[in-house]
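Below is one structure; the comments refer to it alone.
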Amino acid sequence: EFRALEPQGLLLYNGNAQGKDFLALTLLGGRAQLRFDTGSGPAVLTSSVPVEPGRWHRLELSRHWRRGTLSVDGETPVVGHSPSGTDGLNLDTDLFVGGVPADQASVVLERTSIRVGLRGCIRLLDVNNQRLELSSWQGAVTRSSGVGACGDHPCLPNPCLGGAPCRALEAGMFHCLCPPGRFGPTCGADKNPCEPNPCHGAAPCRVLPDGEATCECPQGRGGTTCQTASERDYSQPFLPDFNGFSYLELKGLHTFERDLGEKMALEVVFLARGPSGLLFYNGQRTDGKGDFVCLALRDRFLEFRYDLGKGAAVIRSKEPVALDTWTRVSLERSGRKGAMRVSDGPRVLGESPVPHTVLNLKEPLYIGGAPDFSKLARAAAVSSGFDGVIQLVSSKGHQLLNREHVVRSVEVSSFAHHPCTQASGHPCLHGASCLPREASYECLCPGGFSGPHCEQGLTEKSAGDVDALAFDGQTYVEYLNAVTESEKALQTSHFELSLRTEATQGLVLWSGKATERADYIALAIVDGRLQLAYDLGSQPVVLSSTVPVNTNRWLRVRAHREQREGSLQVGNEAPVTGSSPLGATQLDTDGALWLGGLEKLPTGQALPKAYSTGFVGCLRDVVVGRRPLQLLEDAVTKPGLRPCAA
């Protein structure tokens, strides 16, 4: 039984001073390898179980004549034979454990390709059912060099080279906090194979035990460096999993919101496994001085901190956060005043010292950790990374945490225990995308399907109805909105439709009240792109698609609102998501749904001119709630409706 600190090294060696015979047990490239030669040539057996630095492993080997077996940690034994000829193994040197003296080094290198001894510990050595008592090894050896005692604590003696700090982990593991310029499990390497990241598209890069880099390609990418692209697959979401030493680097918050200096509204959804760690940090300077904003866990309490130049505001949650449970936290700041709300708990208020009121940020946004905690602001009071999963980091309702925004990813993996990411496949059918909603999910259906899991095909049109309805910019059609059907419907809105148009502006769908500054939800084309806009009474949310719709081709559109959360998907693009500020969760309407535009927008709505323009184009396969709309039959007003030309 042994614990290695490096992926290479000699465990055991026994040879013949005059002949070819030898037996060697080595570590090579992070795998255990048995080599023996009975005189006719070597047998080489390599285990398939990776040897992890710092973890205890149990290794068993046997040899009978020319047949050998090797097993690590109970794996099915690897079997091999030396070439036929002589069968017996004739050994006459001493048995060397952990290395060999200088006079044997060249022979061992020639026979095993290993030039270094073991860095690590051996706690059990049993040869032919005779256990060697390692606790009193000094009395059993003929000679030794540089051998010390190993304790139960993984950091004693310190396995990290150059005196780098060692942190003990579970199961006897350790983690070396390497200084700048040193890398590897024990800081033994001077070059990081993941710097610069060789993986295309900022895919996560991980260093293997043998020191090589491997790329963890997202869906839709392949190849050794994720260099090949298949058709983009948005059905599986981005759910980054952090191990306490990982982090994501994104562009700074100030690049996403122009007025972030004066005010900000952030929302974070996470699942914590550990009690402490950094959720996000954004600063002004690389030396930790100047302004900053951060959110961290400290002994299961959330701390929202920001400094505008005269000292930090510290806003701490009233209750501890439950571990292994999805938690939603909303953060607001306006000038010096800030607020935090955890799930449905009370708002906790705080403010930074006078007189400064503007937050100045220039550095990247770090999520889940940071490359060097010593270079973060001291007032942030955080020194460790987050252990858990982060599902959402949104600014004013816009999700920032997606693959396209990632500049650098270090030791980040994908969380596989959510319904949207489970190995057996997510529950959404017919190629639908799965959108995480804390522990639950929402299915974003492709054209032609509806239902909670996109399991229902759209029903056939009734006799006499039209496949597609034409709109000329003056055609406004009123329907009774399924949003009024139940109390539950006030909390959710769901619309699906297919559209074809060449127009760059126009109101496609509207539901609200005719009174001034009332609630509404709308779909409109603005500068050739589709927008979903809604206002529940606190502040409007606008989600903008990146897909041009004025192409005169049919495109499927799906818009969904669940209380304050909204999503918009056009064609095969990734869903655009967002949420309205804290406050109301239901949409109050007068029961009418309009397609094609409105005679006159309600006054007091600060909406682009495109919303006052009628839609020119064709609509078909409209779904309201979960019910297909019969475009002619269900219409309350029928102002000369005509079918759309094929």
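One-based numbering along the chain as shown.
Keep in mind that glycine also has a Cβ here, set from the backbone N, Cα and C atoms.
These features come from TrEMBL:
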type: DISULFID; residues: CYS178-CYS187; note: disulfide bond
type: DISULFID; residues: CYS217-CYS226; note: disulfide bond
type: DISULFID; residues: CYS445-CYS454; note: disulfide bond
type: DOMAIN; residues: 1-150; note: domain 'Laminin G'
type: DOMAIN; residues: 151-188; note: domain 'EGF-like'
type: DOMAIN; residues: 190-227; note: domain 'EGF-like'
type: DOMAIN; residues: 237-420; note: domain 'Laminin G'
type: DOMAIN; residues: 416-455; note: domain 'EGF-like'
type: DOMAIN; residues: 466-644; note: domain 'Laminin G'
Neighbour tally for CYS226 (disulfide bond), based on other Cβ positions within 10 Å of its Cβ: 21
Cα separation, CYS187 (disulfide bond) to CYS226 (disulfide bond) (Å, whole number): 27
Densest Cβ neighbourhood among CYS217, CYS445, CYS454 (disulfide-bonded residues), 10 Å radius: CYS445
Using Cα positions only, nearest of the disulfide-bonded residues to CYS187 (disulfide bond) (CYS217, CYS445, CYS454): CYS217
Rounded Cα-Cα span from CYS217 (disulfide bond) to CYS445 (disulfide bond), Å: 25
Rounded inter-Cα distance in Å - CYS178 (disulfide bond), CYS217 (disulfide bond): 26
CYS454 (disulfide bond) versus CYS217 (disulfide bond) - Cα distance in angstrom: 27
